[in-house]
Amino acid sequence: MMRSHYCGQLNESLEGQEITLCGWVHRRRDHGGVIFLDIRDREGMAQVVFDPDRADSFAAADRVRSEYVVKVVGKVRARPAGAVNANMASGAIEVLGYELEVLNESETPPFPLNEYSDVGEETRLRYRFIDLRRPEMAEKLRLRSRITTSIRRYLDDNGFLDVETPILTRATPEGARDYLVPSRTHPGSFFALPQSPQLFKQLLMVAGFDRYYQIAKCFRDEDLRADRQPEFTQIDIETSFLNEEDIIGLTEKMVRQLFKEVLDLEFGDFPHMTFEEAMRRYGSDKPDLRNPLELVDVADQLTGVEFKVFSGPANDPKGRVAALRVPGAASMARSQIDDYTKFVSIYGAKGLAYIKVNERAKGPEGLQSPIVKFIPEDNLNVILDRVGAVDGDIVFFGADKFKIVSEALGALRIKIGNDLKLHTCEWAPMWVVDFPMFEENDDGSFTALHHPFTAPKCTPEELEANPATALSRAYDMVLNGTELGGGSIRIHRKEMQQAVFRLLGIAEDEQQEKFGFLLDALKYGAPPHGGLAFGLDRLVMLMTGAQSIREVIAFPKTQSAADVMTQAPGVVDAKALRELHIRLREQPKAE
């Protein structure tokens, strides 16, 4: 091997030993006739000293520049008193260089590797092979590897089998658009890249592989945001003969062990909260419990007021009027309130009413708000008591359809919590359970809240009689307001699966066309089964403190689903298109 040690492995225990390093020149300094090279590899940095007594190596060190690839032979020694660098893992020692071999030269990089804050993301992605040399980026990928190793070890130890499922499969309605791959051998037909291994892992349960896992690549052709990529990685898990409590316990233990091994963090038992409670208290099915702010329903106090903005939703069975108290924020400027009003409009809110509590003892005169005059004093006091308002607080109100109020005030809760730095802890894991089976659309039709293979907590007859109120056997793990993983007990009886399909408007012939293989499998002794899938990219993003999953993926796509480094997607030549029996209606425009 060309090296004996990684740079980041050097420490005082190696003092006096001769070692060989290979890496990149991170920095070169010439101090009074002595040349210092900071050599960098994936594990860290080491300082190598060259003095004029060794003419050949000194001359070589004098010629090297940043990002040259070098091989260094030298002896580890303690740094002189006063020269210890506490910012480096190997800062107590240095290497006295005996030999220096330049393995390759480098042009000046397109951006400095130690000062990247002013470099645009597109430039960083265009030169990703340079960007990944930065210690911050290398550390994220090292931690990602440790995370997957820990997860694999836990699942292996608990009897799970790592089984690969197909990448080329058929399109199924799973919510997002599929990436389609034309078939050369079947003209006019297309494969689809999997949005998840969902159906294949269920078929593995039917086949008797009762504990399955896979670190799976998944693909979704959807609009991107900070936590989305067109291709992403999933920790996919499925089991037979376990109920939801068993699966929750098994995977929660996995995550607790993971955080202990990788970050040395101890988590207690994760609290459980129903979907209904999460929406009412936090306006979200993935609440961030680090934030102490909560939504409080106040519609019962506003049904009789003349202010239609409140009384309308208060008397609407599908409406909601809720309050959000922000302690100590009564001094908030009007311009800030206007900014928050504009913010909630993104979620469909038509306005943002508020009450500033200056002196409650003075009654309505001690309150500052344009809406106080519309609310009887007794009702006003009940509302302020219910939300726990005291002098110095501000209370915001939302009034509209339940979904709009919940989403708008829920998002405002998160924004204010971040703006005012209200978080009470660093980590807040939890489970959300008892999700509705379906979401009702404006036209009265239904959409599966999770996916159409989730089992309900009722019989097929009860489900078809009351689909709008049916609950599912689904569960989501949430960490700091981010959904880490979602899962459910699956439907394992054909009659139930067909009932769900019917409620989703999938006709029998379409059921056979798209899911015939699954319905066939359910006829042949499918066991009770369920599972869960974690988003690996999101998990690594949270554990590294990254702002985007693009920071924890080696070669991510941009917000427009493009790879600026390889220039993908690209134009395909006419011959390849003919072989695929494809003709373009419009020629692609040159960029």
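In case you wondered, yes, glycine gets a Cβ from its N, Cα and C as well.
These numbers come from a predicted model, not from an experiment.
Swiss-Prot has this to say about the protein:
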BINDING   Glu174, Arg220, His450, Arg490  L-aspartate binding site
BINDING   Arg220, Asp221, Glu222, Gln229, Glu483, Gly535, Leu536, Asp537, Arg538  ATP binding site
REGION    198-201  region 'Aspartate'
SITE      His31  site 'Important for tRNA non-discrimination'
SITE      Gly82  site 'Important for tRNA non-discrimination'
Margin query: For a quick check of packing: other C-beta atoms within 10 Å of the C-beta of Glu222 (ATP binding site), how many?
Written below: 14
Item checked: Annotated ATP contacts Arg220, Asp221, Glu222, Gln229, Glu483, Gly535, Leu536, Asp537, Arg538, maximal Cα-Cα distance (Å, integer) -> 20
Margin query: Rank the recorded positions His31, Arg220, His450, Arg490, Arg538 by how many other Cβ atoms lie within 10 Å of each Cβ and give me the one with the fewest.
Written below: His31
Check: Which one of the recorded positions (Gly82, Glu483, Leu536) has its C-beta surrounded by the most other C-beta atoms within 10 angstroms?
Finding: Leu536
Item checked: Mean of pLDDT values spanning the region 'Aspartate' (198-201) -> 96
Check: Just the number: how many Å between the Cα atoms of Arg490 (L-aspartate binding site) and Glu483 (ATP binding site)?
Finding: 20
Check: Taking DSSP states H, G and I as helix and E and B as strand, how many residues of the region 'Aspartate' (198-201) are helix, strand and coil?
Finding: 4 helix, 0 strand, 0 coil
Checklist line | Using Cα positions only, nearest of the binding-site residues to Gly82 (site 'Important for tRNA non-discrimination') (His450, Glu483, Leu536) | finding: Leu536
Checklist line | Distance, Arg220 (L-aspartate binding site) to Leu536 (ATP binding site) (CA atoms, angstrom) | finding: 15
Next item on the list: With Arg538 (ATP binding site) as the reference Cα, tell me which of the recorded positions His31, Arg220, His450 is the closest one.
Entry: Arg220
